[in-house]
Amino acid sequence: MKPGNWSQVTEFIILGFPHLQGVQAFLFLLLLLIYLTTILGNLLIFLVVCLDSRLHTPMYRFFSMLSLLELGYTAATIPKMLSNLLSEKKTISFSGCLLQIYFFHSLGATECYLLTAMAYDRYLAICQPLHYPTRMTPALCLKIAVGCWLGGLAGPVAEISLVSHLPFCGPNNIQHIFCDFPPVLSLACTDTSINVLVDFIINSCKILATFLLILSSYVHIICTVLRIPSAAGKRKAFSTCASHLTVVLIFYGSILFMYVRLKKSYSLDYDRALAVIYSVLTPFLNPFIYSLRNKEIKEAVRRQLKRTGILE
């Protein structure tokens, strides 16, 4: 198609789950309940760690940072998803779509880096316990946190820049539950092989590199734990990693299949299901995984509730 024949698209229509049109109200209530629980759960963990001096350790500071991150991560997509479930016109502007993609991917990248930092923290605590207090200092924790955020915010800039220069001349129906690179690229009126390649390279480096670093940390952790003579010692060591490892498996298990692939064609329902897992369910489950499996956080919540008079 010649450039002169292009009619530039100024907005997109997010189709969501077109096969579930008859249960929009139920899906709205369910998603709203999940979102409110996600906000309350992550906000509770963040505030408890900030307010309780006994939790001012590197591990719990990373927990609080992850909870704060999840608040922003879900805010990038779920409010618009809720609006679309009730609206007849499920549209989003071109610039709004790019902003949603940017914040979703930048915060997702920040989560990858933060989960890697948490794995390194557990590696130092279990494999090098004598050096842990001098190595994992508050200053280092702050530098790691800043590095995770800066790295995440810079991550999608090149991809967003490339997409913003693509011509879109219709159709404008996004076959997904929110704006994302693969479904948006499929609507471009020109060859997007460069975009797909750049997207694949960046995601492969970002996701695979952090996943392999986490895997390496846990290989060393497992080897160290297996050398502990007592069963009680092994259980205690593994218990400090169980929550983090559970989150890693859920989060990476979905994004690896979604983003580390070099192709434009994909199963729409398959991708929508994966998107629900890493954009909705993972942030929803994180507070339960960290609080229900963690004695210190549960005790800290009780102390704060007693302090405020809610719990006698």
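The backbone N, Cα and C atoms fix where each Cβ goes, glycine too.
According to TrEMBL, the feature transmembrane segment maps to 25-50, 62-82, 102-120, 140-158, 207-226, 238-260, 272-292. TrEMBL lists 41-290 with the feature domain 'G-protein coupled receptors family 1 profile'.
Listed as Cβ neighbours of the transmembrane segment (25-50) (distance under 8 Å, sequence separation of 6 or more from its ends, same chain) are residues 17, 56, 60-61, 63-64, 67-68, 70-71, 74, 78-79, 81-82, 85-86, 280-281, 283-284, 286-288, 290-291, 297, 300-301, 304. Residues 14, 16, 28, 31-32, 35, 38-39, 41-43, 45-46, 49-50, 92, 100, 103-104, 107-108, 110-111, 114-115, 117-118, 121, 141, 145, 148, 177-178, 247, 279-280, 283, 286-287, 290, 297 of the same chain sit 6 or more residues outside the transmembrane segment (62-82) yet have a Cβ under 8 Å from a Cβ within it. Residues belonging to the domain 'G-protein coupled receptors family 1 profile' (41-290) score a mean pLDDT of 88 in the model.
Sequence-distant contacts of the transmembrane segment (238-260) (same chain, six or more residues past either end, CB-CB distance under 8 Å): 59, 66, 108, 111, 115, 118-119, 122, 125-126, 199-200, 203-204, 207-208, 211, 214, 218, 221, 225, 271, 274-275, 277-278, 281-282, 285-286, 289-290, 293-294.
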